[in-house]
Structures are given as C-alpha cells and as structure tokens.
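Pulled from Swiss-Prot:
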- CYS7-CYS21: disulfide bond (DISULFID)
- ASN20: N-linked glycosylation site (CARBOHYD)
- CYS71-CYS72: disulfide bond (DISULFID)
Amino acid sequence: AIFKSYCEIIVTHFPFDEQNCSMKLGTWTYDGSKVAINAESEHPDLSNFMESGEWVIKEARGWKHWVFYACCPTTPYLDITYHF
C-alpha cells in the first residue's frame, strides 16, 4: 500500500525549523478481539520513501496503543502510530 501523509508546518525558526508528524493506522469498526494489528518493527520500513531536497526525516518510530472507551471499558481498540 502507498500512504501519503501531511502535517502542519510551523516555520517560526526557518530555515532551522523541525516538524513533528504522526500517522495512525487502525480500525474504527472492529475492536481488538476481532482484529490483530502488529508492527513488524519499532522503526518503519522507509525503503520506498521518496526523499525531498528540502527536508529529511531525522527519526521515525512506531508504537502500538490499546485504547479503552467509556462505552466499552473492557474492550480494547488497537492502533499503531508512527511519529516522524
């Protein structure tokens, strides 16, 4: 799959600014008892990443989250969020 990500750009300290972006992968329909979401690695595979001459990714990491909502406090909803 190919994913495109956009993040808010803050250029207060241009040209020395740094941005923090995230991409969350999960399901809104199925809970953790019906869907297994696992990351292959804490660091995403960037082999197909298209580099830009204007910026670089300094670091990229991912975490798995279990979220419990008030409607169903014993049912986990899972996602993997990558921060870069």
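Quick reminder: no glycine exception, Cβ is built from N, Cα and C everywhere.
Comparing CA positions across the disulfide-bonded residues CYS7, CYS71, CYS72, the one lying closest to the residue listed as 'N-linked glycosylation site' turns out to be CYS7.
Between the CA atoms of CYS71 (disulfide bond) and CYS21 (disulfide bond) there is a gap of 29 Å. For the disulfide-bonded residues given as CYS7, CYS21, CYS71, CYS72, the lowest number of other CB atoms within 10 Å of the residue's CB is seen at CYS71.
In the shown protein chains, 10 other C-beta atoms lie within 10 A of the C-beta of ASN20 (N-linked glycosylation site). In the three-state DSSP assignment, the secondary structure recorded for CYS7 (disulfide bond) is coil. The DSSP secondary structure for CYS71 (disulfide bond) is coil. The separation of CYS7 (disulfide bond) from CYS72 (disulfide bond), Cα to Cα, is 31 Å.
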